[in-house]
Amino acid sequence: MAGFDQDIELSAYSHSHGLGISGNGRSGRQHSIAEASSFTLGGASPSPRTKSFADVSPGGSHGRSKSIAAASDGAGGGFHGTMSRFVDSFRRGDGTINKNLDFDDDNNTSSHGYSSHSISRGHGGTRYYDLRPGTGKINTPSSLLARELKGRHLQMIAIGGSIGTGLFVASGKTLSDGGPASVLIAYLIIGVMLFCTIQALGELAVIFPVAGSFSAFSTRFLDPSWGFAMGWNYALQWIGVLPLEVLAGAMTIGYWNKEINKAIFVTIFLVIIFIINLFGAKGYGEAEFIFAIIKVTAVVGFILLGIVINIGGTPTEGYIGGKYWEDPGAFHNGFKGLCSVFVTAAFAFAGTELVGLAAAETANPRKSLPTAIKQVFWRISLFYIVSMTLVGLLVPYNEPRLLNAQNIADASASPFVIAIESAGATVLPSVMNGVILISVISVGNSAVYGSSRTLAALAELGQAPAILAYVDRRGRPIVAILVTMAVGLLAYLGDVPSQKNIFDWLLAISGLSSILTWASTCLAHIRLRKAWAYNHRSVQDIAFKAQGGVIGSWIGFILNVLVLVTQIWVSIDPLHQGDTPLTTKERVRSFFVSCLAIPVVLICTIVHKWYYKTKWVRIEDMDVDTGRRDFGRLGIIKAQEKEERMGWPRWKRVYRFMC
């Protein structure tokens, strides 16, 4: 079925561009297929199909043929040949991003490479933002990123891809601030909100599987200036997470030996993350597949162990039950304590949306993405709700180790580790800390992947320096990766005395960014459905429909806004221990530490809108065709799949509906 889908997409793509694929090599634009190889190439080595495209167009495939010949010549050259191929892989990918082609007014489909600055046009001496090339960039075939991710990669990314210090370590802060009941309520609300959001994202990403999807969807369906702000907001979020996670890993080593210099392990973690990303999308997918299996196993193991501990299955303490909900209590700091939990809970959930970003590098997103999206329900239910419920039963919110945490990345204050230690286990706490280390590498890996792809997409849209759009022959946005890794060097500041302030500001960059991204995604989905109806399209023409529909997106959007409002309130009037009131300076700092993303997004939006004079995109101006991946015989494909499902037993139909 995957090969059948690719044939349909290629046929639709060649038809929309007026391309003729024949064996005589005379078509004037056949070279586009050989060069813009993102929809046929899976990495460094071209497939047999790709070679046939190059063969039919000798002139257009000259650059590709040279690279294949060079690789063949160097194959027998031993070390020299290997190094030659390695160096050659960093050259600009075929299809050259900066090749300028004229925009075709009569055919609202992307050509293969507008200038990254073509969206900024002059009109009577006045700058304005031309949305048409920006929309054209959304066309997936114009991307040079290698489509190497498979269904199993997406599923594991969705289930456990970004589970890290947000859940394992920072959850201790939520417990000490709000108490176990507040944690459970907050995680339930964020879980419902995120389920609706990811469903909306799934529908958008299956129709338009694009790199930099969060910027692209906001640009296309909301406002170009807001899309610009959302792109940078999302990129900065992950750029800030990288040093935060790496430093958290270095501090986790202190659980075994506090005398070891953190810089040693900062270096080790950064090198590992960089090497993984050198293997491109496939390296990221394979690494996350392995990391996610380890993390999922650890969480399931903790849940089983937590149940045993709670019912009195350890020699150190008898039946625990819900005694910590009575003493010291279920809530701490009242309603404000509940509100203070939201942003840290959102930080723990951040990264779930990466499945939408990975759609642009997936071989067959129409089939792989819906399955991965459905896994989010189990991730929310099992890994967050159940595990945090057990943490609230096993660890009181006034536990001294929670209160004495140096920062939110202090693994010694992990409620998971504390719960296991309290049961008298000697080896298991070290095992749990080992899982935290793996989680650090995993989330750091996701941070580089998410930020580099977003930066490259912004550059291709003309919303970032053009050099960031450089994609090499392995489909890696190598310049964007290097920029992100350079920011990761901030983790070396972990040995300075003011490391707590560094953590606070890194978290400030990424704290509310996820909320803003999720809210924009829900609103973009609502606007897409309106434009879909305006163009007299049937909902049945959508390859994957969000289970909550438009109502679910409204629920997700409203919950995101409410969380945003409560966080602003808590940041202005924060939780405070002691009788001395906070000074104005302390309140201002508290606001910016908690809500730095808001002024950053507002400044980006206002400056971009002032410079380009952009306007809110009207329903009648929205293009719901360019870049779609469901052109062709979608009805035939869906009919075949329906016929296949009819032959399934009942249990399999139920399973596939849920998973």
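Backbone N, Cα and C define each Cβ position, glycine as well.
The region 'Disordered' annotation in TrEMBL covers 39-74 (among others).
Marked as region 'Disordered' by TrEMBL: 98-125 (among others).
Here TrEMBL flags 110-121 as compositional bias 'Low complexity'.
Among the features that TrEMBL reports, domain 'Amino acid permease/ SLC12A' is placed at 153-615.
Summarising the annotation, TrEMBL assigns transmembrane segment to 154-172 (among others). Under 8 Å from some Cβ of the transmembrane segment (154-172) lie the Cβ atoms of residues 183, 244-245, 248, 285, 288-289, 291-293, 295-296, 299, 344, 347-352, 354-355, 358, 362, 368-369, 371-373, 375-376, 378-379, 383-384, 387-388, 391, 402, 405, 408-411, 413-416, 418, 432, 435-436, 439-440, 442-443, 446, all in the same chain and six or more residues away from its ends.
Residues of the same chain lying 6 or more positions beyond the ends of the transmembrane segment (178-197) and with a Cβ under 8 Å from any Cβ of it are 171, 324-325, 328-333, 337-338, 340-342, 345-346, 349, 352-353, 376-377, 380-381, 384-385, 388-389, 391-393, 397, 518, 521-522, 546, 548, 552-553, 555-556, 559-560, 563. What TrEMBL lists as transmembrane segment is 178-197 (among others).
Residues annotated as transmembrane segment in TrEMBL: 234-256 (among others). Tertiary neighbourhood of the transmembrane segment (234-256): same-chain residues 164-165, 169, 214-215, 262-266, 269-270, 273, 350, 406, 409-412, 417, 429-430, 433, 436-437, 440-441, 443-444, 446-448, 450-451, 454-455, 458, 484-485, 487-491, 493-494, 499, 502-503, 506-507, 509-510, 513-514, 517, 597, 600, selected by CB-CB distance under 8 Å and a gap of 6+ residues from either end.
Under the heading transmembrane segment, TrEMBL lists 263-283 (among others).
Residues annotated as transmembrane segment in TrEMBL: 289-313 (among others).
Annotation comment: TrEMBL describes 334-356 (among others) as transmembrane segment.
Note on the transmembrane segment (376-395): residues 158-160, 163, 167, 171, 175, 179-181, 183-184, 187-188, 191, 194-195, 198, 296, 299-300, 302-303, 306-307, 309-310, 320-322, 324-325, 348-349, 352, 355, 402, 415-416, 418-419, 422, 658-659 of its chain, located 6 or more positions outside it, place their CB under 8 angstroms from a CB of the stretch. What TrEMBL lists as transmembrane segment is 376-395 (among others).
A Cβ distance under 8 Å defines the sequence-distant neighbours of the transmembrane segment (478-494), meaning residues of its chain 6+ beyond its ends; these are 90, 238-240, 242-244, 246-247, 250-251, 262-263, 266, 269-270, 273-274, 277, 444, 447-448, 451-453, 455-456, 459, 467-468, 470-472, 502, 506. Look at TrEMBL and you will find 478-494 (among others) tagged as transmembrane segment.
Non-local neighbours of the transmembrane segment (506-528) in the same chain are 193-194, 196-197, 200-201, 203-204, 207, 214, 217-218, 220-222, 226, 230, 233-234, 236-241, 243-244, 343, 346-347, 349-350, 353, 356, 408, 490, 546, 550, 553-554, 556-557, 560-561, 563-564, 567, 592-598, 600-601, 617, 619, 622, 624; each lies 6+ residues outside the stretch with a CB under 8 Å from one of its CB atoms. Residues or ranges marked as transmembrane segment by TrEMBL: 506-528 (among others).
Summarising the annotation, TrEMBL assigns transmembrane segment to 549-570 (among others).
Positions annotated as transmembrane segment by TrEMBL: 590-612 (among others). Panel annotation: around the transmembrane segment (590-612), residues 120, 127-129, 223-226, 228-230, 232-233, 236-237, 343, 463, 504-505, 507-513, 516, 564, 567-568, 570-572, 574, 582 of the same chain, lying at least six beyond its termini, place a Cβ under 8 Å from a Cβ of the stretch.
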Restricted to the domain 'Amino acid permease/ SLC12A' (153-615), the mean pLDDT of the model is 85
